[in-house]
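According to Swiss-Prot, the feature substrate binding site maps to 39, 187, an assignment based on sequence analysis. Taken from Swiss-Prot, the feature ATP binding site covers 115, 160, and the record attributes it to sequence analysis.
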């Protein structure tokens, strides 16, 4: 099974083209975990950096026409150097423009995984789910949404919510770890996309296990953070979450994982 130890040994360079609001939090989270983030946003620079990268995150949270072109350029370069790319289609169910951009990136470029909440992923496959911007109401059929997207796009899918679902090659697992504090801190979902990009390329042909490990590490770190003194307060939780990403071990994952 792909391990946190392997991530720390490889320390993959992860190029993050992400939401302006979350860049600092994302970079600190990846460093704490053991990856090496770069927040590059210029095609010529990406040409230089991606040849050394272990992963690329495309997060469409701060969406403009210029950024759309940047996403396209980055994905072309990533494919050139066989760098696994993860798409976070932020709020793609909230409006036609975001949906159009997400559809373009999925249909015309090579992706290693898509990570989104239930509302976002459901919108990509035409399933009706109550959603509001970047947030999504709790749903009971999250595994069905993940499988539907996996079957439609033939891409590994991670759907997050109160329960998380991972679908790869028609197989689905659900993760029942996590903290209710996570949605109360802006950027936790965006950082998760970067964490997925850190793990997805560690072992070729082991995408399901890599994604499962990424989700378990992330969610169990959230549980650890909430248990710290004042971890029930969002400001403290944010700091303790970074600390927990730094301290979590494979032994913690093995002990506390809840997978079905």
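Here the Cβ of each residue, glycine as well, is placed from N, Cα and C on the backbone.
The binding-site residues examined here are 39, 115, 160, 187; by Cβ neighbour count within 10 Å, the least packed of them is 39. In the three-state DSSP scheme, residue 160 (ATP binding site) is classed as strand. Cα of residue 39 (substrate binding site) to Cα of residue 160 (ATP binding site): a span of 24 Å. It is 14 Å from the Cα atom of residue 115 (ATP binding site) to that of residue 187 (substrate binding site). Under DSSP, residue 115 (ATP binding site) is assigned to a strand (E or B) in the three-state scheme.
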